[in-house]
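Reading through the structure tokens given below for one structure.
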Amino acid sequence: MSEHDRELVSPEAALDDHAVESALRPRTLDEFVGQDRVREQLSLVLRSAQQRGTAPDHILMSGGPGLGKTTLAMIIAAELGAPLRITSGPAIERSGDLAAVLSTLREGEVLFLDEIHRMARPAEEMLYVAMEDFRVDVMVGKGPGATAIPLEIAPFTLVGATTRAGMLPAPLRDRFGFVAHMDFYSPEELELILHRSARLLGIELLDDAAAEIARRSRGTPRIANRLLRRVRDYAQVRGDGRLTLECARAALSLYEVDDEGLDRLDRAVLDALLRRFRGGPVGLSTLAVSVGEEPETVEIVAEPFLVRAGFIARTPRGRVATPQAWAHMGLTPPPDAAFGAAALFDPDEEP
């Protein structure tokens, strides 16, 4: 599978997505579509802090890629009228890296730490103290003679984002005063997002075309906007520039995004699960090897949607295909096929 095919319906941001995403991002909570419960709760947290004249509690947002966590972090800073500093867990390899960031924060600044679950453990321990006491302990010297020198830092608000909340240590998770879980979006919400994006991009998007794109966007705004741009390309080159239903269907068929929003990787996973493993159960690593992908790629890119859409069940014994998967792939299950009746297990566990 080519990188282009995989990236089209992947919730992860491609390099060329960032400039367009920046132009399409809502700037205020009122402009933000969807996540109504989170928006209402967040509005209360921010407004009450402003009325008290204090920094709001630290905020943790969890949910899949492409659901708006980074956008909300930017909106939080804008609503507070505060500067925003952006970094990520993988960039914090040592406690010194975190100390360098924290020591240069200005009072009231918002620090957005993406993929916070991937931060190095020594940095996590430093962050505990910084979040509670606005202090970092800088180690001077080495070995038994090393001394910790406390360094006061300016009060700040940490906004953490994670796609794997279960990987966060409890001491870190408990230090966030507000925890928000980002849900997948309804087709109706995605249609509103698509129409807004089309206006900003100067695209003539018909209602039925918007509904078709939304239905195949896996509940994820990032994917919806990406598909919108590919349908626009198709309409520009092979049509009259208008995004009609026929144009949307033809473009999405060309890019191998089917009626349920499945792409080539999704169908490869289902095909292997059904044909090679008779519907399962099968472990993640074995399933990933069978489609020539890394386990993390299958787990992060394909599996969340396949589980949510009802094609795969995660059971204590492994991944199991559902009757819906057999029907979608046009196959007949064997008489002894398992259908994932067992209780689902924690998404961060590996059978």
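Any Cβ shown, glycine's included, is placed from N, Cα and C.
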If I go by Swiss-Prot, which of Arg216, Arg218, Arg222 binds ATP at the same site as Leu24, Arg25, Gly66, Lys69, Thr70, Thr71, Glu132, Asp133, Phe134, Arg175, Tyr185?
Arg222
List nothing but the largest Cα to Cα distance in Å, as a whole number, among the residues Leu24, Arg25, Gly66, Lys69, Thr70, Thr71, Glu132, Asp133, Phe134, Arg175, Tyr185, Arg222 that the record says bind ATP.
37
Can you tell me the CA-to-CA distance separating Arg314 (DNA binding site) and Phe134 (ATP binding site), as a whole number of Å?
42
Need the DSSP three-state call for Arg314 (DNA binding site) to compare against my parser.
strand
Fewest other Cβ within 10 angstroms of its own Cβ, chosen from the binding-site residues Phe134, Tyr185:
Phe134
Can you tell me whether DSSP puts Arg319 (DNA binding site) in helix, strand or coil?
strand
In the region 'Small ATPAse domain (RuvB-S)' (186-256), how many residues does DSSP assign to helix, to strand and to coil?
52 helix, 2 strand, 17 coil
Local confidence of the region 'Large ATPase domain (RuvB-L)' (4-185) - pLDDT mean:
86
